[in-house]
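Colleague: According to TrEMBL, the active site annotation covers Asp55, Glu127. The feature Mg(2+) binding site is assigned by TrEMBL to Glu51, Asp124, Glu127. Per TrEMBL, the feature domain 'RNase III' maps to 10-138. Among the features that TrEMBL reports, domain 'DRBM' is placed at 164-233.
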Amino acid sequence: MNSMQNEEIIRLFLKQYSFDDQYLNEIKKAFYHSSYVNETTKNIESNERLEFLGDSVLNLIVADYIFSTHAEMDEGKMTKLRAQLVREESLVLYAAEIDLASMLYLGKGEELSGGRERHAILADAFEALIAALYKVYGFEPVKSFLYQIFMPIVEQHRYEVFDDFKSRLQELVQADRERNVNYRVLTEDGPSHSKEFVVEVYVDDIPFGQGRGRSKKEAEQKAAEQALHLLAK
């Protein structure tokens, strides 16, 4: 996919959600993956700094949504629901809703290795997009956009399909206040565009399970799932 095609797809996306495309160049920054930046001669930054801001904006809007629409929930349930709505698997689902994959700027190697389908890349780019939209259009338009994306998912209770093993393990262990859970990365292999992580989970400094994944989050979830099975025996 060439740069002109990317621009046109991004322009159509902005139009679909009633954003003015005069700021197209600012919004494009959300889709610059590091593999593309490393290969291009253009003086541009990757979307990594935008991810940082987008994560905070996303958490605030999701928290506001849950607080405003779920008066029956106590703090614990709201916290758990927010965790489900902003975890990687959920962000990938939101990215699919707007066909974010088609807007990505990827390096040739990343493109050939299936980068447009890589969950970590899609989730990170979605956070970066939230940040770019926030910086250009402000809080309320971004909030309205996000509500359109995740409200149908929440209302249909599709978030229930996400098994948050980390939260379940934390709740189980913290039933005894003196116990603790922590995760340690054992290995981190592969090039930057295609890493594989192995994480081990410890309960009271005793190893209880290992997980392998394309991101630390995925590996941690798999390690927590293994620990839950072990603790259930």
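Glycine is treated like the rest: Cβ placed from N, Cα and C.
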Colleague: Counting only residues 6+ away in sequence within the same chain, which have a CB under 8 Å from the CB of Glu127 (active site)?
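Modeller: Result: Leu50, Glu51, Gly54, Asp55, Leu58, Leu91.
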Colleague: What is the one among the recorded positions Glu51, Asp55, Asp124 whose Cβ has the most other Cβ atoms less than or equal to 10 Å away?
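Modeller: Going through Glu51, Asp55, Asp124 one by one, the largest Cβ count within 10 Å is at Asp124.
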Colleague: Relative to the mean position of the Cβ atoms of Glu51, Asp124, Glu127, the recorded Mg(2+) site, which additional same-chain residues have Cβ within 8 Å?
Modeller: Asn47, Glu48, Leu50, Phe52, Gly54, Asp55, Ala123, Ala125, Phe126, Ala128, Ala131
Colleague: On the 0 to 100 pLDDT scale, where does the domain 'DRBM' (164-233) sit on average?
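Modeller: PLDDT averaged over the stretch: 88.
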Colleague: What is the three-state DSSP composition of the domain 'RNase III' (10-138), stated as helix, strand and coil residue counts?
Modeller: 99 helix, 2 strand, 28 coil
